[in-house]
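Per Swiss-Prot, the features are:
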REGION    1-20  region 'Disordered'
MOTIF     84-94  motif ''HIGH' region'
MOTIF     602-606  motif ''KMSKS' region'
BINDING   LYS605  ATP binding site
Amino acid sequence: MDSSKEALKERKKMAKDEKKRQKLEKFLAKKTLEIGVSKPRKEYRKEGYDPLQVEGKWYKLWEEQGLFKPVEGGARYVVPIPPPNVTGSLHIGHAMMVSIQDAVCRYKRMCGYEVLYIPGTDHAGIATQNVVSKQLAREGIVVDREGFLKKAWEWKDRHGSRIYEQLKRLGTSVDFGRERFTLDPGMSRAVADAFVKLYEKGLIYREPKIVNWCSRLLTTISDLEVNHEEVMPNTYLQVDGGKYEFGVIYHFKYPITADKGFSGDHLSLPTIEVATTRPETILGDTAVCVNGRDCRFSPEGIKEMLGDVPHGCRIYGVNPLTRDVIPVIFDDYADMSFGTGVVKITPAHDANDFEVSKRHGLPCKVVFDEQNRVVVEGEFKGLKRFEARKAVVSKLRDVGLFVSKKGHPQVIPRCSRSDDVIEPIIKSQWWLNCKEMARKAIEAVEDGRISILPEGAEKQWYKWLGNIRDWCLSRQLWWGHRVPAYKAPSGKWYVGRTKEDAFLKMRSECMGSDCDLSELEQDEDVLDTWFSSGLWPFATLGWPEETEDFLKYYPNTLLETGSDILFFWVARMVMLGLELTGKVPFSQVLLHGIVRDAHGRKMSKSLGNVIDPIFVIDGCSLEKLISTMRSGNLDEREVKRAEAVLRQDFPNGISRCGADALRFALLSYTSGMKDINLDVLRVEGYRRFCNKIWNAHKFVKTMVDELAGKNGNGPVCKDDYGKYIVSSAELPGPSEEGPVEWILRRRNETVEEIRRTLDSFNFMGATQAIHQFFIYDLCDVFIEVVKKSKNEKYIRVLFRVFIDSMKMLHPFMPFITEEVFSNYFNGSISVSPYPETDGSEHESKFSVTLQITRHIRAKAESNGWSKAVVEIAPGGDVNHADLRFIRSLCRKIVELKIISDAEDGPYEKVGGSRVLVRQTE
């Protein structure tokens with residue numbers, strides 16, 4: 001290869017390398033390659049940074065010093081933690097959530113804000129009852145309600161404390177003096193008060209309606225807790241203890257007559273063809289629906305089907321299974337383009353049919369009980385619903401009314417908690433009318449009282465709230481807030497904050513009649529978990545009482561949470577906050593995406609890819625990962641699948657990385673609402689970053705120790721306790737020294753960039769900025785210059801810039817930065833002022849020197865030269881004084897020649913100079 005082609009190749013490589021440094025994703029990809037995916041798990045060498053030794057001591061000291069309690073003086077900044085469920089331990093998704101929140105809180109605290117970061121946990125009604133029930137079943141224990149609640153509280157105490165320990169290990173700077181649990185007495189009072197107030201406003205009411213029934217959990221669930229699974233034609237699903245076919249549409253004949261009192265042989269009647277995906281519900285049909293524009297049911301069409309009947313005569317269907325005579329009704333609900341254009345109406349087991357029944361005054365006939373067994377008298381009684389389906393189809397075949405069975409794409413509603421196929425049933429429940437509250441919540445975003453980030457999320461907000469339905473509050477569970485409603489012997493319900501409160505209301509209506517407190521029976525149901533969670537921003541501060549905390553810290557400032565619960569939780573907090581307090585609960589909503597595994601799969605215990613963040617912090621063997629998974633509530637089939645995933649993804653276990661590396665890795669991924677494919681092994685790259693910080697600290701400490709020893713009472717000296725005192729002269733003024741001016745300019749640029757990105761919640765940009773500054777500018781360049789020169793001015797600048805780097809890193813890496821800071825100063829870095837730009841214009845020509853340096857490095861590395869000879873003809877902004885820095889930064893240079901004329905020969909122009917790099921002979 002000739003020299004010009006070689007030079008072109010090298011220039012392209014340099015440009016590519018520079019581009020990589022400016023783009024985070026490419027940088028992270030490079031780091032992933034450095035880590036590798038099949039290296040065995042390694043422990044730290046004794047001389048390296050050991051996160052466990054450092055991280056283990058600091059949280060207790062922070063708490064003892066009360067550093068996370070709000071300190072008056074600055075503007076208030078309040079962040080409520082989305083309370084984790086007490087169903088188990090925190091997972092990596094929680095770790096990302098608290099890493100984001102804590103980075104914001106620590107940053108704001110250092111900027112002088114009065115920060116309150118509120119911790120707590122959620123009782124998680126359905127989820128906790130489910131895991132406790134599984135545990136009891138596995139142990140063969142049968143309990144009543146009181147016994148179950150005792151077991152559930154034991155579970156909460158065990159796992160709630162585990163969650164708080166995990167939060168501490170992650171360095172979360174919450175004020176544990178204000179921690180709350182959603183079933184605490186104070187929270188329970190708030191829930192009862194909210195229910196009563198909403199009831200008295202006419203927003204809560206009790207009514208029989210179609211609900212989503214889960215027969216495995218034996219409770220209703222909300223629309224948001226239903227997953228709508230699209231299945232292809234003729235798909236078999238495991239449900240109700242067997243495998244059943246879905247994705248099928250059945251056509252059958254419905255006998256019709258003009259005789260309302262028909263009681264003869266229905267098989268001799270004319271028929272119309274009906275299509276359904278649920279033939280088992282024919283047992284509950286109370287009407288047949290056709291479209292009024294369907295010409296088949298015009299007077300002429302009816303005459304053609306039924307013969308000579310009086311004009312305007314009503315026609316009826318005869319249920320092919322029960323022989324009940326039911327009306328044929330006309331409604332636009334019947335879609336003439338779908339199926340046969342004729343729809344059977346089963347109001348008790350279909351939400352749309354239920355609405356049709358209300359319009360036409362149809363009765364509701366229940367087909368299934370709460371265990372999905374047929375309750376209709378006759379040959380099908382007692383069959384489970386999908387067994388009944390097969391029996392019904394067989395019966396229709398036998399009597400000649402079956403037409404066909406065709407594959408058809410279908411959407412199956414499944415419980416997000418149990419995976420059961422939801423059965424719509426009618427139940428009398430407590431409902432919250434959300435329409436007007438939703439309108440107010442929309443207005444709060446439209447007028448700017450609440451901002452939702454990242455941009456674009458508002459569209460989802462408007463769409464969902466604009467189509468909101470009433471909220472079913474009742475849940476058929478034992479674990480949760482009992483509905484504060486009490487039933488009298490008359491059947492009337494009385495709502496009160498307490499039983500005594502409800503009794504007073506009942507007695508006021510007794511009109512002198514005898515009535516007794518014991519006659520009132522509290523509703524057995526509990527409230528939807530999201531109702532109590534919806535009060536979180538203000539109930540945690542003492543509402544409904546006007547406590548000092550409530551008056552001072554409400555509304556909150558920032559609500560940071562996952563985008564997947566925008567409607568489950570965030571919308572309900574806004575609706576309830578506006579309705580009950582008259583104020584928005586917070587001014588900003590920040591949403592993040594879902595954390596998935598390295599393969600892009602959603603994390604699931606049954607898949608074996610849910611990782612406890614403590615396993616990443618402390619390290620974990622494959623054996624422990626498997627044993628921990630086996631100790632859960634998975635069945636044997638799920639255990640086998642999960643174990644296979646663990647063996648594939650973590651053949652050598654997980655290396656010890658520390659909390660700082662985990663936090664930094666999670667934050668470096670975070671960009672808006674995009675889902676994150678987290679490769680746990682990539683955290684190891686940031687563990688090595690911690691080691692780089694530690695080694696830099698050891699060098700800086702050596703340098704400033706020497707400087708302090710020389711200066712006595714100089715600009716950097718020690719107090720009587722061995723801590724450093726830095727005078728106002730710590731930073732030299734403008735100087736002709738290239739490296740000093742250059743590093744101060746880069747320091748200012750980095751401070752400005754991190755402040756900008758953190759203020760806009762761009763954690764990816766913030767972590768990229770400090771990582772690149774620390775590695776490529778401070779360590780790779782300035783520390784190398786200081787090593788060679790040991791110039792006092794350089795050391796003082798190094799000290800200041802290094803400490804500022806620790807402060808910039810602190811919101812992301814609280815432990816190692818606190819450890820480093822404590823080696824130099826009294827007090828905590830967490831309450832030290834965040835760096836600001838110094839206001840000086842630091843102009844430096846040193847960047848040209850670095851250009852030449854990088855060219856020399858790239859040339860030597862690309863050719864595999866361990867030693868090189870360099871010839872430079874200085875020009876442009878480079879003079880002979882700059883050349884000493886080039887030598888100190890390029891260790892591969894064994895000879896550096898300064899020449900005056902480089903017009904001839906294979907010299908390349910770099911930064912105004914002519915440069916030749918060649919291998920030593």
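Quick reminder: no glycine exception, Cβ is built from N, Cα and C everywhere.
Quick caveat, the model's predicted, so the values are computed rather than measured.
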Other than its own, how many Cβ atoms are within 10 Å of the Cβ belonging to the residue listed as 'ATP binding site'?
15
Integer mean pLDDT for the motif ''KMSKS' region' (602-606)
76
Residues of the parent chain within Cβ reach of the motif ''KMSKS' region' (602-606), under 8 Å, 6 or more residues beyond its termini
91-93, 594-596, 629, 632, 634, 638, 641-642
Lying 6 or more residues past either end of the motif ''HIGH' region' (84-94) yet within Cβ distance under 8 Å of it, the residues of that chain are 121-124, 127-128, 131, 155-156, 159-160, 162-163, 166-167, 181, 562, 594-595, 603, 610-614, 616, 632, 666, 678, 680
Where does LYS605 (ATP binding site) sit in DSSP terms: helix, strand, or coil?
helix
Count the residues of the motif ''HIGH' region' (84-94) that DSSP assigns to helix (H, G, I), to strand (E, B) and to coil, and report the three numbers in that order.
3 helix, 1 strand, 7 coil
